[in-house]
């Protein structure tokens, strides 16, 4: 299927750019307004704004591995983004759900990879907790990646349901 760019799913890349800009703007605000390691600003009884660094991946996975993981996660993010852009190029702009999902993942992945390559770590600042139990801090890029991935999973369930209903 060879489509021109204006009819392909590449038109959804504006959303990836928006996700990237929102992520970087929020991290810049945190870096400028909250000192690193500050205990946090309580927003609600279960949510703080904090300023922490993550040298690993989700849940600080591989954070204490000496630095190679920075490059590994950067290469992985670029590879995934390349694959998603390839898929966007092959699909129609009318395939909204997957276009949005892929673009959110691309924008989030590039937001975190930018931090890794420029800062050497990812800036996290969203801290949800219950009493003394804190969920690992995360950022908007992580949220965009999660939402995009959840949309892909939900789309898989919707597709399976349609197959079951079809005679």
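Every residue gets a Cβ built from N, Cα and C, even glycine.
Tertiary neighbourhood of the transmembrane segment (12-32): same-chain residues 49, 51, 85, 88, 93, 96, 99-100, 102-104, 106-108, 110-112, 114-115, 123, 125, 139-141, 144, selected by CB-CB distance under 8 Å and a gap of 6+ residues from either end. Residues annotated as transmembrane segment in Swiss-Prot: 12-32 (among others).
For 68-88 (among others), the entry in Swiss-Prot reads transmembrane segment.
Counting only same-chain residues 6+ beyond the ends of the transmembrane segment (99-119), those with a CB under 8 A from a CB of the stretch are 9, 11-20, 23-24, 27, 53, 70, 73-74, 77-78, 80-81, 84-85, 87-88, 91, 93, 139-145, 147-149, 151-152, 155. Positions annotated as transmembrane segment by Swiss-Prot, on the basis of sequence analysis: 99-119 (among others).
Neighbour list (residue 124 (active site), Cβ cut-off 8 Å, at least 6 residues apart, same chain): 50, 52, 53, 54, 136, 137, 138, 139, 142. According to Swiss-Prot, the active site annotation covers 124 (among others).
Residues annotated as transmembrane segment in Swiss-Prot, with sequence analysis given as evidence: 137-157 (among others).
Under DSSP, residue 142 (active site) is assigned to a helix (H, G or I) in the three-state scheme. Summarising the annotation, Swiss-Prot assigns active site to 142 (among others).
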Query - residue 142 (active site), number of other Cβ atoms within 10 Å - result: 21
Query raised in the report: Same-chain Cβ contacts of the transmembrane segment (68-88) under 8 Å, 6 or more residues past its ends?
Result: 8-10, 12-13, 55-57, 62, 98-99, 102-103, 105-106, 109-110, 112-113, 116-117, 120-121
Query raised in the report: In the same chain, which residue numbers or ranges, 6 or more beyond the ends of the transmembrane segment (137-157), come under 8 angstroms Cβ to Cβ?
Result: 19-20, 22-23, 26-27, 50, 52, 54, 58, 97-98, 100-105, 107-109, 111-112, 115, 122-127
